[in-house]
Structure formats: structure tokens, C-alpha cells
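Contents: one structure, followed by commentary.
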């Protein structure tokens, strides 16, 4: 990890990347932000635009358009680059196209002498986080995927709307693949310590409501993509949370894609699980107790990701 002032490099200046850059500047979470993209003219223009707004942010920050050499002393490199998800296309269908893209990017980053932490948001994020760790050769703790951090926020929002409380007052998790095989951990979902399943126990439509809330969470991205072409603001805020947890050494538990080493009965897979995130990266996976049905769903999600990685392993 660099001992210099906090420096973040963003690779990918599309909808997600530019939204993330804006949030970093507004909250002033780094001293320097470097933006890298094939569309160099756009990164130069975005850097100027962000610098002009920086005086109104929460602290001083300098933004510039850069190149891979700028990664050598970065604390964090954030990957949002990749082929866009098309309407009706699952995240896993993106895998071959984006594996090749991410492999090339990570190789260029490591050639700079980078020795910090990767945050990966490119989809399918669990697979591409594993690709990043494999190609980079960095310890697994220093390669983190955005995982189910956004899915969890969507789930909290849906539950907050249903029960009339602020989403921040809801304790709930989405685990597993950031995609179609993810699962809601109902057994651990609470509001003010009261299990949500307890709140629903006298509701004759309990099963239907739980399914509705989960499907709203799982399918939210597809609904947004149908209208505006991509999701950007929500994931940008999730990436900002991960960035702050690292730079501020927060020891914050976040639902990110971490590499399992025996937790939940699995090894050698990146998947969305509760993880303590601090200056060292993904410091520790929290092995939350799962109900039997939830463990079965999680096992299935692991298998989906393992099968997908097998299909692209030769590309890595």
C-alpha cells in the first residue's frame, strides 16, 4: 500500500465510472483521482469538469486524465471498464468478452508496479474479480469485487418501503452471485432487532410478499437497463462505500465479492459474502449462519460461478 497521499485510479469512464468519479469528488475521499479510458478526450473533459466543481466538495481533491503508469503509486485501482450489458442479457453472458478486456487491463496495471488494492465492478463481477486476482497475482485480500453490495442496498430499500422505515434502519443481506442465482438471507433480516419473518408470520400472503420483494431486488437492474440502458448511480455509491472503508480503515462489514477459503463450506471462489473491509482490503469473511434452504441456495450459486469460471479458465 502506498504511503503517499490517498490516490485512486479509475479505469473506465462510462456511466458507472463517471458516476463514481463524481461521488469521490463530492465527498472528497481521496487526494488525487486519475481517470483512464480509451476515450482519452472524454477523460480530459471529465477531469476538467470535476476539478471545476471540486471547490464545492467536502475536501480538496485533484482530478486528472492519466495512463497506466499512474497506477504505480495508487492506493486503489477501480475497474469499471468492459463491454456494456445489453437488454435481456444476463451478467454471466458477458463473461468471455469482458474476461479478455479485464485480463489486458490488469496486465497493464501490474506492469506499472502497482501494489495496492483492486476494486472490481465490471460484470459479471464475481468472475472478473477472480480473473483480476489470478492475472495480478496479488493476495486475495487485495482484490475485492463489488459483489452484492448494490443488491443488498436494493433489498434494504424494498424492505424499508414495505415496512415504512428508512432503508438504513433495515439489517438485511443479499448473498451469492451478483446475478440470477443470488439469495435473500431472510433468516438474518431484522428491523430494530425484530426478525422480519416474525413481522410477517401472521400475514396470509407472507410467501407471496417475500417472493415479490426478492424478485424486485433481483430484477431491478434489468428494469433500469430497459429504460436508461445501464445502472450507474447505485453501484457508484456502493463503490464509494468500499473505497471509504479501505482509505479510512473503517473495518466495515460490506457485502462484497471475496475469495472463500473454507467459509460457508467452499474454497477458491469469489462470491458476495459479508466481509470486513479495511486498509488491508478484504480482511475477513464473516460466516453468517444460514438456514438450511439458504445454504442450499448459496451452494447452487457457488456452483453456477464455478461452472462459469471453468468455461473461461483457458482465457485467463
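Note: Cβ is positioned from N, Cα and C throughout, glycine not excepted.
Marked as domain 'Lactate/malate dehydrogenase N-terminal' by TrEMBL: 7-145. According to TrEMBL, the NAD(+) binding site annotation covers 12-17, 37, 42, 68, 82-83, 98, 121-123, 146. What TrEMBL records for 85, 91, 123, 124, 125, 126, 151, 152, 153, 154, 231 is substrate binding site. Here TrEMBL flags 148-314 as domain 'Lactate/malate dehydrogenase C-terminal'. Residues or ranges marked as active site, proton acceptor by TrEMBL: 178. If you look up TrEMBL, you'll see 222 marked as phosphotyrosine.
Sequence features, as recorded in TrEMBL, placed on the structure.
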residue : record                       : CB count, 10 Å
12      : NAD(+) binding site          : 23
16      : NAD(+) binding site          : 27
83      : NAD(+) binding site          : 14
121     : NAD(+) binding site          : 28
123     : NAD(+) binding site          : 29
125     : substrate binding site       : 30
151     : substrate binding site       : 28
153     : substrate binding site       : 22
178     : active site, proton acceptor : 31
231     : substrate binding site       : 21
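Take the CB of residue 85 (substrate binding site) and look out to 10 A: across all protein chains shown you find 20 other CB atoms. DSSP assigns residue 125 (substrate binding site) to a helix in the three-state reduction. Counting only the Cα atoms, the space from residue 178 (active site, proton acceptor) to residue 123 (NAD(+) binding site) is about 9 angstrom.
Residue 151 (substrate binding site) sits 27 Å from residue 37 (NAD(+) binding site), taking the C-alpha atoms as the reference points. For the recorded positions listed here (68, 222), the lowest count of other CB atoms within 10 A around the CB belongs to 222. Secondary structure at residue 14 (NAD(+) binding site), taken from DSSP and collapsed to helix, strand or coil, is coil. Here the domain 'Lactate/malate dehydrogenase N-terminal' (7-145) has, by DSSP, the following mix of helix, strand and coil residues: 72 helix, 25 strand, 42 coil. With the fewest other Cβ atoms inside 10 Å of its Cβ, the least crowded of the binding-site residues 14, 37 in this structure is 14. Calculated from their C-alpha atoms, the gap between residue 85 (substrate binding site) and residue 12 (NAD(+) binding site) amounts to 14 Å.
DSSP classifies residue 231 (substrate binding site) as coil under the three-state reduction.
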